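K.L.:
Pasting in a structure now, in structure tokens, and then I'll have a few things to ask.
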Amino acid sequence: MTIKAQSAGDAIDYKWNPTDPNSDSYVYLHFAEIEVLPNGTQRKLYISLNGEPYPGEQPIKLEYLKATTVTTSKWPIKGAQLSFSISTGAGSDLPPILNGLEILQAKSLLLLPTNQEDVDAIMNIKKNVTAEKKDWQGDPCLPINYTWQGLHCSDENPPRIISFITGNFQIVIGRGGSGTVYHGRLKDGTQVAVKMLSPSSTQTKEFHTEVQLLMRIHHRNLATLIGYCDEGTNMALISEYMANGNVKQHLSEMVVVEAGKEGSVKSKTRKFTFSEIVSITGNFQIVIGRGGSGTVYHGRLKDGTQVAVKMLSPSSTQTKEFHTEVCYSSLVEVLFTSY
């Protein structure tokens, strides 16, 4: 909205009472010429603050559709009542205008600013979060009622950032003895898994070892390390996000069938007879792994899906536990895991 005086001889006057007369106030006046003026004419404005001429350059010359801002950032004003006035001066045929107004008041903080290491860490996070945080300005923890969205700060002096929860960090995709794994996104939209080491964890040395190891090792069956954070008590591993879930999730959806019988056991998704398992594995020709409980074979379903088929060894010490689950003496596990 634009304010325009009725005539060239009139001024635009504004007065206000600050909440704290002892605090500095900063005025920002925004102008833009929105009228097409005759050739050779230009709107020229003069500003006064609390009855005194504006100490900056005057007059303010406006150009068509070009934004101009006049600020008192170098000359703050204070008092019980403050005012400004905008006029065009003698001899002008154009009345004064005002397109926008901002008045800011400084607050005195008795507490020390947020711990600098914490500030550096959160500023790095601010650069990489997907959604822009409009209130992430100024000190992260102060004033107390204006803490950045998603931050929780301590009552220490200086305050410390003790936790950080954003929209991305609210999605927990894993937990372990050393910390919690969150789902996140980089600026380019890439999904990542962020493992945050718990501040109470005693595994700091192991954390550093893990970073060094993952930086050197690259394998198609391992999640790629994208980056890491090691700033004071804030330690995190940022790795490739595995959208298809983890090994535990795949194991929980295993298909169990009876070996040597034509009967079958229903699974969450499919059922197989032992003869079908023989066909799937090509009569158990390709061995892809061995363990104490049995042998794992490569197989292929009719639709071309590759699977791993684990045959429990008859001599396995886990037979009793396996029997308890399926009530048969010789069994097969079919794990749906893609290569």
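Residue 1 is the first one shown; counting continues down the chain.
Placement of Cβ uses the backbone N, Cα and C atoms for every residue, glycine included.
Caution: TrEMBL annotation is automatic and unverified by curators.
Grabbed the feature section from TrEMBL, which reads as follows:
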- K195, K310: ATP binding site (BINDING)
- 167-339: domain 'Protein kinase' (DOMAIN)
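Map these features onto the structure and tell me what's around them.
P.N.:
Counting every protein chain shown, the Cβ of K195 (ATP binding site) has 20 other Cβ atoms within 10 Å. Classification of K195 (ATP binding site) by DSSP places it within a strand.
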K.L.:
For the domain 'Protein kinase' (167-339), what's the model's average pLDDT?
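P.N.:
Looking only at the domain 'Protein kinase' (167-339), pLDDT averages out to 65.
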